[in-house]
Each structure stands twice: as C-alpha cells, then as structure tokens.
C-alpha cells in the first residue's frame, strides 16, 4: 500500500522527490554545536521548510480523515446522513470501522504535496517580496507582505493538492466507485482524462487562498504580539521548548472566529500544523529571524530616536 502511495506521489509531484532528496543529503542529524545549520534563504533552508510542510499538513489531515469523510457525505447526501453522529454510525454499520479510513492514502499524499508548496513557497515569496519592498517598507507593510506571500504560495499548493483531493472525494462520496487509490486513479483517468484531477482547482483556490491568507497573517502578527506583550523576554533568550509553546498558542489564537466546534477542530489542526512545522525548523537548526522590529533608519525618519 505504501509502495502504491509513493508511486502516485512521485507521479503527481516530482518536486517532492527533489525536496526529500535535498533534505536527506544536505542535512545531517543535528550535533550539540549551537547555531544554525544553513543560511537564511538558501536552497537547503527552502528544502527543509518544504519538508516541514509535508509533515505538518500530511500528518494532521490524515489524522482527521474519519471526520472529513463524514463531513463530505453529509454535504453530498444529507437525506441519508442526518448529522455527524449519525454519519459515523451509518458508515460503521455499512462499511465497518475500516470504512472510516476510506480516502486516507490520497489525503496523506495530497496534503503532503500541499504542505510542501504552502510552507515552502511561503518562505520563498516572503523573502522575495521583502527584497522587492526594502527593509523599511517590509516593516510598514508586513501584514500585506504576509497576505501576498501566503496567497502566492497557496495558489501553487492547491494545484499540487487538486489531483489527490479529486480522488479522495470520489472514494469517499461515491460508494462502489472505488475503494482504494490504486483502483480510483486509473478509473478516473480512463473515464475523464487528466482533466478529472484538476477540474476542482478553482473551487479550491476560492476556498483555500482566503483561509491561508488569514491563517498566515494572523499567525505572524500573533507571534509578534505575544513576544512583545506576553512573553517576558526576547525570543533569542527563550528555550526551544518555550518558543514552540508560543508557536502552538499563536496557531490557536489565529483562528478564534466562528462556531465553537469549528474553533476546536480547526484551531487544533492549525495549531498542530504550526507546531510540527516549527519543530522541524528547531530540529534541523534552521535560522529563525526574531519578530520584526522597526528599522533604525525608519525610527530616525519618524523622530523616534534621539
């Protein structure tokens, strides 16, 4: 089963193969030596950020496959599946407990690819747009920078996600069509061609790009505020464990909008994604710049220095 997953993963996202190769070859296990393992904005930095995104999104989305399956069936067939609880009961009665895991393989592959592009390209675009703006404008327009960088990254992330998302939805919402990734992909291709895997990309853009823009911008500004007003010392003086706690809390605070149940589900998912992503950065000793501060040149222009 894992061999099949790897086969389709490399077909739909050759970039993933390259990223994992780079991450494994250029990054040895961290030693006790303090400091960073690579230059900020280097190829190795981007590769490991992408790897962190793979783990972040792949693991968390696969973990909630049963809930996602029931949610999709509620949307497609509300007459049969009356509620979340009823949806679980009907699914277990018809397909057994294993039926709740339907679609786990395309979910893991698809969201791993999405995470690779979402987090990896976010770092790329954030540095690229910052260089274009210059130091002072980067600080003044940092929220807009986060919004633009995350939107750009999610554009490509959804293209990477679309094929496996289409397979996942087909498996979960059309009983009898196919039960596995191995069965579903060739059947969809034979019936509809390559377009079958990408016809949902526009709805994905409409749903995911605004969400990702808010997710990243809220997280970045929340981290900044936590270190400024809550954490009693600069990040450079915080331990790695303390920094990861701040990351998790910031991930949760960033989604405190909406109904209580959605806050719990999406808040936990988002916080875990940021926690896993930042843990990869900490483990591989990637450079992690401190929260943004007003440049000295801007302070002088605004008369904030003596």
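Each residue's number is its place along the chain shown, starting with 1.
Glycine is no exception: its Cβ is also placed from the backbone N, Cα and C atoms.
All annotation found in TrEMBL is predicted automatically rather than curated by experts.
Among the features that TrEMBL reports, signal peptide is placed at 1-25. Annotation source TrEMBL lists repeat 'Solcar' at 44-128, 141-225.
Each residue in the repeat 'Solcar' (141-225) gets a DSSP state, and the totals come to 73 helix, 0 strand, 12 coil. Counting residues per DSSP class in helix, strand and coil order gives 74 helix, 0 strand, 11 coil for the repeat 'Solcar' (44-128).
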